[in-house]
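Beneath this line is the structure, given in structure tokens, with notes to follow.
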Amino acid sequence: MKLNIAVLAGDGIGPEISVQGVAVLTAVCKKFGHEVSCKEALVGAAAIDAVGDPFPEETYRICREADAVLFSSVGDPRFDNDPAAKVRPEQGLLAMRKKLGLFANIRPVQTFSCLVHKSPLKDELVKGADFICIRELTGGMYFGEKHEGDDMAYDTNKYTRPEVERILKVAYEYARRRRRHLTVVDKANVLASSRLWRKVAQEMAPNYPDVTTDYMYVDNAAMRMIQEPTFFDVMVTENTFGDILTDEGSCITGSMGLLPSASTGESTPVFEPIHGSWPQAKGLNIANPLAQILSVAMLFEYFGLQAEGELVRRAVDASLDAHVRTPEIQVEGGAKYGTREVGQWIVNWIENNR
Ligand code: IPM
Ligand code: MN
């Protein structure tokens, strides 16, 4: 297979983890005889600094022409505390999602058994937790009509029936391939938009008799994720709720640096870690590259390259078992490995194993 990949490294720790993701991608392709070509493009603060636009036209073109985008992170403290900033790095990510029509964000929350003790929750609660959050990504408050005045401001949480239907369809398809349990998360006791979600879900549920559908208010879901994370199989929710719940989900696993995601929809799919740009760690070689590397596994799997994805996952497991880990998940007294060392170890493992 021939793969054209757009590589958007972005800001903060983005460039460091991106290098490791590309190294793993390249190693696996070489092993399986796939031709891969990577094209780098600007996004986020890096793009604002270079050309004044967080998602330049040129980057959009490179993404459109690629088979997939390997994305890292955007964000820069220079913009965070300046409410008056006209452009922000995050707008680059949002523009990419919108322009590529990436309405479905797939965020798996999986625990690694050797890391459960790193979770802030009790071991017996997290053990075996394995669910997927399907987050709607191009609607809701993120993209609804906004007004930003000095004394009044609002965001509109708007959803249309087709937007809700298409994301629920994706969620049902995932549920069918898993444990056939779908939880629709909303706030239908208060929000009109949520009542539309629930109505549409209730209409669709009979078409999926093999899947158990339940409905949960978002506040309750946030609580249940802590009390009994193993309850969930597939959850589906709107953009803002999904943003919040997946940070909570990543925490359950013990480190934010572990979780990859895929954003899919109408055009080129994007594979990215769910963590942000962690500007404080920039250049320190301490960021965990695993979420980025696991995003590469998701990329392969998207194209039906299961063995390739599996090899990446086994290499990651092997690195954890061998205690080749970045500081935040290292065992007590374990050796010091940085972003580069972990990435290189995984590449070597891939070269030497099948
Ligand atoms: C995420 C991030 C983004 C979001 C930010 C960087 C705009 O937090 O991918 O979860 O809110 O969607
Ligand atoms: Mn987020």
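Just so you know, glycine gets a Cβ as well, placed from its N, Cα and C.
For 4-346, the entry in TrEMBL reads domain 'Isopropylmalate dehydrogenase-like'.
Cβ neighbours within 10 Å of Arg135 (substrate binding site), excluding its own Cβ and spanning all shown chains: 29. Residues annotated as substrate binding site in TrEMBL: Arg97, Arg107, Arg135, Asp219.
In the three-state DSSP scheme, Tyr142 (site 'Important for catalysis') falls into the helix class. Within the same chain, residues at least 6 positions away in sequence whose Cβ sits under 8 Å from that of Tyr142 (site 'Important for catalysis') are Leu94, Asn239, Thr240. Taken from TrEMBL, the feature site 'Important for catalysis' covers Tyr142 (among others).
Lys187 (site 'Important for catalysis'): 20 other CB atoms within 10 A of its CB, across all protein chains. Look at TrEMBL and you will find Lys187 (among others) tagged as site 'Important for catalysis'.
Marked as Mg(2+) binding site by TrEMBL: Asp219, Asp243, Asp247. According to DSSP, Asp243 (Mg(2+) binding site) sits within a helical segment. Proximity of Asp243 (Mg(2+) binding site) to non-local residues of its own chain (separation of 6 or more, Cβ distance below 8 Å) is seen for Arg135, given in sequence order.
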Those residues of the chain, 6+ apart, with a Cβ under 8 Å from that of Asp219 (substrate binding site): Lys187
Among Arg97, Arg107, Arg135, Tyr142, Asp243, the recorded positions whose C-beta sits under 6 Å from ligand 2: Asp243
Where the C-beta lies under 6 angstroms from ligand 1, the matching recorded positions among Arg107, Tyr142, Asp219, Asp243: Asp243
Rounded distance in angstrom between the Cα atoms of Arg97 (substrate binding site) and Asp247 (Mg(2+) binding site): 19
Whole-number Å value for how far Arg107 (substrate binding site) lies from Asp247 (Mg(2+) binding site) (Cα to Cα): 10
